[in-house]
Ligand code: BGC
């Protein structure tokens, strides 16, 4: 098994496998995503070139990211017969693959028409060097003399969920290139796609009938001949250029690519990917399945990473389409961010800049969402302004077709703290406080202020409580004293106080200006009091189990299977008002276990194990975010078999297609970057035992028994390290460019690791099973 390649030889002919395959084989370059569909596919097969950070709303439907016209389009026909893999009669063999090392998609299909064979081979990439550029190389071989009809250009028939977002596309030619352009409906933002070919064609007919701009070519082929041509396409929007310049910019990108040629474009793209992998690959020896799934996970994260300076973040379904409104959830800070922080810190910074940039949206939400809320209440589903894209009726009931009232938007208040925790982790990990000064400190203080306004002081109990919330488990809405949420709230306040302390020592003038700007100095004492006296549910003294929220233990005990048997419809949503899970202890995803994972230092192994064993049978894992939390906590308390099982579940979620495609009536079938981040965390933090808590680097490996070697790179405090773990030793090599000597705690032994040296520590004996 080549662990760098994913491949299939089956053809996708039904809707669901086409949709899933589009996710698995997608490419992205942070600017746009191109679903892994075939060159000749159209709207019915969910072709999507999804643009990061450009959203549109049509009427009262959900706002979602804009899909661009497909500049990668090519379709063939011969003797009036269309060649497409969907046609079982003609496509006799098919293979498609993605080479993850180079981020290149390839397809090779053998068609038989009228007794002779035509092979179509294409390879495509979205440039990692020039964000606007996509390149497709097409080769056609025929074993007999024939004339092929080639139709190639820009397909303007766009697959949208809630579109059309580019309703009046104009198709034309410009300077020998094809051009399709138009404007979004809501904000009239211009989008242009330009395509040109480098081809041996002579007999070309241009068709520019909106919405598509196409070249139709009659291509005479001699037996055994291969004809090759290259398509360069560029997508530019008004987010990147002024309205007058959008077309010019796209033309310039395509002209430059054409001048440079295919090899140069591809070389630059591959070189950029080599760099990315050098900083983030994780090697697992002894387990090909785990290796490939983990690489796939890392690949997804790398493809989705925003470009420096874009101020964008990563949506919950990355760039695999318009699913989940292209919105950014807590998924980014809690599940994807750690990967970037430890491998590509500049991308981690970019993710947080997005939250700084959308702070005003969070302030607006606090002002408008509840009685007397202050500070920053971040959007549950955040788009470009930070206003909440989540609706109050976010799920539909498939049996009645009615919308269900959900409280994700107004009660899932842990989102603000998740953001604050990530900003503080960024500072602790990098040692660089510039993000705090660029607005990060302001975000933290405003998030703390939000919890201050949200908490209730209960006179009878003489303590503060966080009431009426949803924790990560969305099946139980409007609960009191959810352990996860209260702990996150308290942590946020502690972080706010620590931020003030740090700035007072290092940047007193900046602190003074910030306190004055927010008029918050008079609230700091109150925050300290809240942190001291905020109730967070504790482990039960005997069992060690933490009650997920007040009253949880009194709910019905049932099994997941029994609950599911009672469904009237397979897509029925189990939460919201009358949901089947609501009166029961069945939870959607890790909640207490997520908390144990986030606040590792506060609990011991007894508590970890007790809660894992209590909550796991009660967890549906109905969210892709769940498995990795269970994997990491199991690794922590030493049950590596449990850890491994959930590691594979999270790492293979997209490859196996083991995910929900509908939540109620809502289509949610995209890719799962949070699970991908969870896979990386499980490998490096779980089995690798890495902790970088701001106090140094710690490595306490817990290698899974089948793994002979686990090797990865880490970035800490701006310096880089290569770590290698085998059953008998750990070695860490400090990059020769490192600026500092670092103390590293390896399996309890503290060693100094100067730049350019390797420290090796033998492990006492092979890791216990
Ligand atoms: C999960 C949330 C998650 C969202 C986006 C939901 O199903 O319950 O925790 O943020 O999906 O991935």
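Yeah, the Cβs are placed from backbone N, Cα and C, and that goes for glycine too.
Listed in TrEMBL:
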DOMAIN    10-238  domain 'Glycoside hydrolase family 65 N-terminal'
DOMAIN    295-680  domain 'Glycoside hydrolase family 65 central catalytic'
BINDING   330, 331, 588, 589  substrate binding site
ACT_SITE  474  active site, proton donor
DOMAIN    691-739  domain 'Glycoside hydrolase family 65 C-terminal'
**Message:** Can you tell me whether DSSP puts residue 331 (substrate binding site) in helix, strand or coil?
**Reply:** helix
**Request:** Check the Cα distances from residue 474 (active site, proton donor) to each of the binding-site residues 331, 588, 589 and keep only the ones within 10 Å.
**Result:** 588, 589
**Asked** Cβ within 8 Å of the substrate site's Cβ centroid: which residues qualify beyond 330, 331, 588, 589?
**Response** 329, 472, 474, 623, 625, 626, 674
**Complete:** On average, residues of the domain 'Glycoside hydrolase family 65 central catalytic' (295-680) score a pLDDT of 96
**Request:** Would you mind splitting the domain 'Glycoside hydrolase family 65 C-terminal' (691-739) into helix, strand and coil residue counts from DSSP?
**Result:** 0 helix, 26 strand, 23 coil
**Complete:** Cβ-Cβ distance under 8 Å, sequence separation of 6 or more, same chain as residue 330 (substrate binding site); the residues meeting this, in order, are 414, 415, 418
**Message:** I want to check the contact list for residue 588 (substrate binding site): same chain, sequence separation of six or more, C-beta distance under 8 angstroms. What comes out?
**Reply:** 472, 473, 474, 475, 574, 575, 581, 619, 620, 622, 623, 626
